[in-house]
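Engineer: Handing you this structure, nothing more for now.
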Amino acid sequence: MKIKTKTKYQWLIELWPYSHYVLGAMPILLFTLYSTKIRIQGKYFGAILMSSRRTLESATVFDVLFLYRYDLLLWGCLAPIAIIVSYRYLRHKNATIIWVAISILSLLLLYTNLQSWGQVGQFLTFSALVDAVSFGISKPDIAKKYIAMDGVIKTLVLILASTVAFCGGNWLKHFKKIQKLVAWISISSVLVFLMMACSANLSTLRSSNITNSFFMNALFSLLSSNAGKTTLDNLSEIELNKRFFALHGLSDTTQPPLNYAVERNSNLILFVLETASINFLDVRKTLPNHPVWNKLSANKYIGANHYSVFPASAESNLAMLTGLYPPRAYYDSCLINLTADKTIPSIMTAFTKLGASTGVYVPYKSQVPMDKVVFEHVGFKKVFYGEEHRLANLKNADIIAFNELDADISHWTKEGTRFAVGFYPQRGHGPWDAALGASVAERGHKIAMQQLDWLLALVNRLEENGALSKTVIVLTGDHGVRTSEEDPNVRIGMIDQYSFHVPLILIAPHAHYPAEVSNKPTSHIDIAAEITHLFGLPRDKLQQGLAFLDVDINKRHQFFVANWYYGADGYRAPTTSAMYSKVLDIAFENKNTVLKFSDMDIVTTQGEKNRIQQHIDNMLDLQTEWIKRYACDAA
């Protein structure tokens, strides 16, 4: 009788028949790697390199693998081993139930975090999940606008694939050759993933939380507590205002600047160019050559040092209309829950209360709730979406919106009706056709000049109807260039002038401004303050900006918020600029005020880094309470 003896490799022989179950982990690994690619590598790779004092040109394949190393180990190596062992030593049914449950929960975790990064630029917390579920139940019509069906379908396909791999694995035992082939593929994949993860150690990148496992970051964020979160709801109005003044380097009393109420009987046109960097419409020395300037009053303010407050349209446009800095993320604020009858205080609310005809003209209907807040909850009597009025012979939504604006202005000026309007064309939205110019700057400039032709047409209409001398016109950009699709040279993840510095031209026939181009540091929150001042409107408590000629404007701290979009926030003081990157846990500071940081500006001491971070956090904590108290409660 032949007796079988166990060899030292017997355990491998016993585990081999279960190696094909490893395929069940592959959908999770693929989803994790995809999430890392679009949310981490796609947005922050340049900033991660800079924090390590490296350039994009010096990046190697090992630097790329550095971002994926822990997830390759987790789902490409450790999870497969755990799967094989569990199927070997547990009952097949029990092992299948465990791993199907793990795969479904893991894929749902990844899907919700992919959505969370898209909306608020960070991993999903438990409180945010509860809020999102509650919001979805109470307002399903609004909530569904956040959910892209193709993403849901892809996630369901991955769940199905993982479930089939676990549930159908036992069926493969009847097909030995196929089972053996799948087993070899599975084990070979594990070895490849292990080598890829190990080779990432050849990278010289600085390790930070954002370069750790995407999956584990998502899991820890969901399980983390929000205990200790700063709230200011116990502060009185006086205490809240004092904190605001202190953070911004302002006194609570100031001398009223010139030009108060000189345009009290005038009209207003707010013309906002989409993605209009100062590089596209450069007003830093003189106005770009265009016939529209010859038609307009010499009483104009040209802002060469004007900045947006956020690198996205909704936040920057709301800042212009309300004079309000953004919070960490509007999607975590009470503004997202406004009902149809609620209107937050804005310059348009004030004009409407005075009996003026107000309207906003945009090409496309609001796609997300925050766009809806900007256009439908700030006091515009008329909200016109060009795409809803397309004709067989006219399908360009920008032109349709412009024609409606032109027709309304023609009607109002003929009737002697006072008006205040906003025009938000999307013609300038990137990326731009290469046929427009050899460089991004040339393409952007050409598109900006085309939109000045539209402004000229409006000016001609006003002149024709005798209303040009009593109409204030504000021309600016919502923000600068902010994605690599628009320009590969954009510094994603950084508070940078290319994403924030925009042109500003304000024509006020009855005002008196310096004849030269102004270098005063202004931002979008100051547009609402200047209009309020020029027209003698009541200044709402919500406003946080200053009129352009305010004596304090040179000494205050200006903030630049990009928390959910770039994972970074910053500010500039009279002689310094600083930023803190939450995703990299690194701070920058230099002695210029144009928001241009390099690896030479990295703050090397913990105390200085904490000082910059704390200053920004204090401001963002204040914004949460400011918005709740003066926007939502006042609506």
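Here the Cβ of each residue, glycine as well, is placed from N, Cα and C on the backbone.
Quantities reported herein were computed from a predicted structural model and do not represent experimental measurements.
What TrEMBL records for 12-34, 72-90, 97-114, 152-172, 181-202 is transmembrane segment. If you look up TrEMBL, you'll see 450-536 marked as domain 'Sulfatase N-terminal'.
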Engineer: Sequence-remote contacts (6 or more beyond its ends) of the transmembrane segment (152-172), Cβ cut-off under 8 Å?
Structural biologist: 18, 20-21, 23-28, 30-31, 87, 92, 96, 99-100, 103-104, 107-108, 110-111, 178-179, 182
Engineer: The domain 'Sulfatase N-terminal' (450-536): mean pLDDT?
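Structural biologist: 96, rounded to a whole number.
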Engineer: Give residue numbers and ranges for long-range contacts of the transmembrane segment (181-202): same chain, 6 or more residues beyond its ends, CB-CB under 8 A.
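Structural biologist: Hits for the transmembrane segment (181-202): 16-17, 19-20, 22-23, 26, 29, 60, 62, 65-66, 68-70, 72-73, 76-77, 80-81, 172.
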Engineer: Tell me the residue counts in helix, strand and coil for the domain 'Sulfatase N-terminal' (450-536), as DSSP assigns them.
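Structural biologist: Secondary-structure composition of the domain 'Sulfatase N-terminal' (450-536): 34 helix, 15 strand, 38 coil.
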